[in-house]
């Protein structure tokens with residue numbers, strides 16, 4: 001009788017889960033040979049990310065003048081002994097770390113030897129280096145998601161990491177916030193692979209070598225890794241942090257010629273010292289929500305809904321994925337409270353937007369499935385499964401529209417400056433003058449050697465502009481008196497003798513005031529490319545490319561490179 005009762009008992013595989021978890025991997029059954037499906041391999045993520053990051057490296061515009069003057073220009077100075085210096089690099093302030101710049105010299109130095117005077121190629125070589133780091137970090141995250149949660153979620157995340165505008169542009173930007181973004185992807189992937197000590201080590205590198213303020217975003221992974229493996233994680237994180245901090249201080253001493261810590265100086269200036277970051281522009285509380293939608297469209301909306309669906313899918317995603325995604329909300333909330341806001345400040349959490357949105361899309365059927373019937377194939381469940389690829393397609397389509405609009409609307413400055421390489425039929429010692437367009441200067445890597453200097457001319461800007469590094473005053477160790485931390489203009493920053501200008505860069509817009517280069521008897525245009533006029537173009541059409549409407553609805557100015565006509 002006991003035997004017959006055992007025969008009537010259903011097989012273990014047919015029993016409902018005691019946990020009540022609706023996620024049963026029905027769509028991902030085990031292989032018949034008994035080997036567990038390991039999910040996506042490394043080839044597809046590396047190949048797909050490699051292709052898209054290469055496209056980003058070669059077509060990305062410079063989105064922020066801070067990227068140029070605080071990172072590209074110091075690198076140019078270390079490579080070529082010329083470039084612009086901001087007050088943050090003045091030795092009396094020492095807010096910026098040369099260790100971060102040195103890291104990019106790993107590619108910059110051999111590229112400068114290889115390409116010689118073709119400095120634009122060095123620029124793109126460094127960008128390709130950044131893209132490679134991004135590929136490795138994001139591929140690790142995708143593979144970890146696949147092994148932990150299956151191919152579908154990982155595939156959605158891969159598609160968004162490749163094609164969403166935010167990731168496309170941030171991945172090859174020469175900024176500490178981008179470096180922290182790489183660290184976030186890699187640290188999150190290692191955490192999901194249960195390599196907790198390595199995850200905390202990478203987090204330490206992202207914070208100290210990259211952006212110190214991103215510490216807040218790495219706290220969830222750090223704390224939970226310590227809970228999982230306290231001793232090994234604590235030792236690895238402490239040793240890594242101390243090593244980079246000591247190395248940073250030594251590098252700072254070498255360049256600033258005094259014992260200081262740029263990491264500490266930056267924190268003191270912005271936190272304890274009552275930082276003056278508001279002098280560089282403040283934005284409203286909803287700035288990051290608008291910016292997040294522009295760069296991620298509906299992906300950003302779905303990412304924010306992750307916590308809303310968590311009660312339904314908590315057995316699938318808690319605690320590990322919740323810990324990985326939680327910095328999205330912590331960082332977004334914290335940064336929204338700060339008066340000074342900039343798009344790049346959200347870069348560290350960009351990969352997490354893709355992960356959270358992917359988890360929400362993957363869970364659409366779970367929202368309608370009977371939790372006591374994992375095999376539920378009701379009409380609503382089937383519709384939810386059908387909606388998943390539609391939602392992903394909508395996100396990727398809108399992302400392409402955003403990327404296309406930015407590249408085609410605002411790439412004129414970089415393209416115009418490249419023209420200088422082909423106009424060396426002037427005397428050595430030429431002077432390139434830039435007025436109100438100083439903030440779109442793409443860096444000295446685009447200035448050929450026959451141009452002896454780039455000078456600013458007074459077009460009404462009253463803030464402090466960068467000055468050339470002064471080797472006479474000590475180069476990187478200089479503490480020039482014309483620098484200040486109050487964003488007050490110095491009269492020395494302008495070239496007052498406009499007759500000395502050989503070339504002039506200007507943006508000609510349909511405005512009631514004249515431009516510097518409007519006197520055609522003095523200047524002749526040698527390059528002119530359309531540039532999207534943000535103020536006169538409708539927000540929806542300037543933000544997203546809409547076929548047959550983008551060119552028609554938007555207003556364009558002309559970005560010009562002018563040459564003085566010899567007398």
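From the backbone N, Cα and C atoms, a Cβ is placed for every residue, glycine too.
Keep in mind that this is a model prediction, so the values were computed, not measured.
Taken from TrEMBL, the feature region 'Disordered' applies to 1-34.
Annotation comment: TrEMBL describes 24-34 as compositional bias 'Basic and acidic residues'.
Below 8 angstroms of C-beta separation, residues 39-42, 45-46, 49-50, 53-54, 56-58, 60, 72, 75, 79, 104, 106-108, 111-112, 115, 153-154, 157-158, 161, 167, 171-174, 178-179, 181-183, 185-186, 188-193, 351, 355, 358, 443, 445-446 of the same chain, each at least six residues beyond the ends of the transmembrane segment (122-145), sit close to that stretch. Residues annotated as transmembrane segment in TrEMBL: 122-145 (among others).
Residues or ranges marked as transmembrane segment in TrEMBL: 157-179 (among others).
Taken from TrEMBL, the feature transmembrane segment covers 199-227 (among others).
According to TrEMBL, the feature transmembrane segment maps to 234-256 (among others).
Taken from TrEMBL, the feature transmembrane segment applies to 295-313 (among others).
Packing against the transmembrane segment (320-337) from elsewhere in the chain are residues 148-149, 184, 188, 191-192, 216-221, 224, 285-289, 292, 303, 306-307, 310, 314, 345-346, 348-349, 352-353, 355-356, 359: each is 6 or more residues past its ends and has a CB under 8 Å from a CB in it. For 320-337 (among others), the entry in TrEMBL reads transmembrane segment.
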Leading stretch by Cβ pairs under 8 Å, where the reference is the transmembrane segment (295-313) and the options are 157-179, 199-227, 234-256:
157-179
Excluding the flanking five residues on each side, which residues at least 6 beyond the ends of the transmembrane segment (199-227) place their CB within less than 8 Å of a CB in that stretch?
97, 99-100, 103, 176-177, 179-180, 182-184, 186-188, 190-191, 233-234, 236-237, 240-241, 244-245, 248, 263, 266-267, 270, 319, 323-324, 326-327, 330-331, 334, 348-349
